[in-house]
Amino acid sequence: MAQTIYVLNGPNLNLLGTREPEIYGRATLADVEKLCAETAAGFGLIAVCRQSNHEGQLIDWIHQARSEKVAGLVINAGGYTHTSIALHDALVGVQIPTVEVHVSNVFAREDFRHHSFIAKAAFASLCGFGIDGYRLAITGLAAKLGASATA
């Protein structure tokens, strides 16, 4: 039976493709979700992609991941990255291998974006690769889970 991973996207990521395309590019959230599904399938994994503008909903999905025995998480917490101790605590609490991803290079932007509460709860962080960061995140997560590329 294929292992499931969750790909969680936080606030404003529903606006990908139209919000500040000079920073985030023109790819849409639908493009991200398609890329994630295809990449995961290449490792025999199932990617369940979700997006919410609400912190509590993201936390509920993280908790649900534990109860459903989800193998791993990829999370782009958007602006909550820099503010949410609650998301950090949820990730630490469920003890599921997690990769943090950001479309833009947060370290080349405003100072307030340079701190991540998510990073300390993740085994890896990626930023600045555009939506390809999701492919890289799933590839790294698959390696962590011992999943091999399928033919």
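A Cβ is built for glycine as well, from the same backbone N, Cα and C atoms used for every other residue.
If you check Swiss-Prot, you get these features:
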type     : residues                                    : note
ACT_SITE : Tyr24                                       : active site, proton acceptor
ACT_SITE : His102                                      : active site, proton donor
BINDING  : Asn76, His82, Asp89, Val103, Ser104, Arg113 : substrate binding site
SITE     : Arg19                                       : site 'Transition state stabilizer'
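Counting neighbouring Cβ atoms within 10 Å of each of the recorded positions (His82, His102), the lowest count belongs to His82. Reported as a whole number, the C-alpha separation between the residue listed as 'active site, proton acceptor' and Ser104 (substrate binding site) equals 6 Å.
The DSSP secondary structure for Val103 (substrate binding site) is coil.
The two recorded residues, the residue listed as 'active site, proton donor' and Asn76 (substrate binding site), show a Cα separation of 6 Å. In the three-state DSSP scheme, Asn76 (substrate binding site) is classed as strand. Cβ neighbours of Val103 (substrate binding site) (same chain, under 8 Å, six or more residues apart in sequence): Leu16, Ile23, Tyr24, Gly25, Asn76, Cys127, Phe129, Gly130, Ile131, Gly133. In this structure, the recorded positions Arg19, Tyr24, Asn76, Asp89 were compared by how many other Cβ atoms lie within 10 Å of their Cβ, and the smallest count belongs to Arg19.
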